[in-house]
Amino acid sequence: MSKMGSLMLSRARCLLELRSALFFVKRESQDINNVRQSLGVYGRSFMTSSRMDKPSMSNKPREQMYGLGNMTAVQEPIPENSLKTVTLDQAQTAASTVTGLHPIYMDFQATSPLDYRVLDSMLPFFTGIYGNPHSRTHAYGWEAEKAVENARQEIASVINADPREIIFTSGATESNNAILKGVARFYKSRKKHLVSVQTEHKCVLDSLRALQEEGFEVTFLPVQTNGLINLDELRDAIRPDTVCVSVMAVNNEIGVCQPLEEIGKICRQKKVFFHSDAAQGYGKIDIDVNRMNIDLMSISAHKIYGPKGIGAAYVRRRPRVRLEPLISGGGQERGLRSGTLAPSQVVGFGTAARICKEEMKYDYAHISKLSQRLIDGLLAIPYTSLNGDPKSRYPGCVNISFNYVEGESLLMGLKNIALSSGSACTSASLEPSYVLRAIGQSDENAHSSIRFGIGRFTTEAEIDYAIENVSRQVSFLRNMSPLWDLVQEGVDLSTIEWSQH
């Protein structure tokens, strides 16, 4: 069979499979428009490739694709030439969203879906290019090493770093452990004090507590009610024996962005190292390690639509920062992290980083627009409030308190929306969020808070669906609550002394 005949047969088969999937959804939901809207999600992210990758796939500018022009993304019709790339699995996945079998995803702080462009870049390294990147005696190793170094360059360019300053790890948790423990142990003969913040990620807090058990002193700075630190308190906390200050870029629960540039200036003046956990900020907001005087940084791939299981530590070379390695072995990654790299993961990370850099302004504008729509809709519900600073924040993380409602009950009632009441790393605990407690929220308000994540593939239809369903569920739960009856009668609950919770 000729190449053209084979292509036509393949396209016909895909169209037949898509038609079957759409028939299944029509029978279940009787609403083809919803299916087209749901498929629009895949149309933007998967069926239509980036102009930089495959110009022939789409001639529409990203502004229109993300709803930044006259047409919103959910209203965009499916291009005819895109149907040939839709598989049955993709169609059924999209279809299952509108039939209630697969919830809408709004937990982007926990993880993000793998961008299909990232997957495409990874596939050759599972079977075809399978060499060990550390094998330097044959072509298989050279080819894998070249791919790894290209990815290292792409990852470094996002934060204006030297590629030699990027050390690959298994993720941000390992990077935080390696950096904090490594820098403290290397300089312990001269400096035994570190400074951090009460609202840091749990892996940072636990790493610092482990160092306390080794004899180090740690100062945990409080935050203001908006979630930001007081720079004067930071300046006063730094001592002559302080080795490192660790402040996260974007908080994973309330989305506040700390003033990295101002913190970096203080640390440089005081001659202490500045570390930032940027897992939630890398590739999403502008971060320049040189302009901000950042010496150490932790980043992760799966927060930026890359694969899970791969991350990196940025370690400045000039002025040089020394670390005592956590993992010993073959001396890979300049002796700081031994172990064979997985080229497929590294390449996926590099592709995700490149896409984030190229499309950051489009993603940020798209997410900001949807974030404001979500906030306006949810704050229209009585007795609700936004947690964290309303201006200095990443718009993709929206944390709302719904007074007189238990957050766990609200989550259980929203089965068609994938949400979280806080960090995925502590979601198994029923204790109130330590981040919300740190900004002054009561136990009751902390328990009533929900975190909404907005990402690259979120649509206006999903935002409106979330607003409608959250409003309905909050009203339902409040009508069941005796506390709500007291509030409706004008009783100030803060004046009541409860014998038990």
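Glycine too: its Cβ is placed from the backbone N, Cα and C atoms.
According to Swiss-Prot, the active site, cysteine persulfide intermediate annotation covers Cys425, on the basis of similarity to another entry.
Taken from Swiss-Prot, the feature pyridoxal 5'-phosphate binding site covers Ala172, Thr173, Asn252, Gln280, Ser300, Ala301, His302, Thr340. Within the same chain, residues at least 6 positions away in sequence whose Cβ sits under 8 Å from that of Ala172 (pyridoxal 5'-phosphate binding site) are His201, Cys203, Asp277, Ala279, Ser298, Ile299, Ser300, Lys303, Gly311.
Per Swiss-Prot, [2Fe-2S] cluster binding site is recorded for Cys425.
The N6-(pyridoxal phosphate)lysine feature in Swiss-Prot is assigned to Lys303; the stated evidence is similarity to another entry. DSSP assigns Lys303 (N6-(pyridoxal phosphate)lysine) to coil in the three-state reduction, placing it in neither a helix nor a strand.
Under DSSP, Thr173 (pyridoxal 5'-phosphate binding site) is assigned to a helix (H, G or I) in the three-state scheme. When the record's pyridoxal 5'-phosphate-binding residues Ala172, Thr173, Asn252, Gln280, Ser300, Ala301, His302, Thr340 are compared pairwise by CA position, the greatest distance found is 30 Å. Counting neighbouring Cβ atoms within 10 Å of each of the binding-site residues (Thr173, Gln280, Thr340), the lowest count belongs to Thr340.
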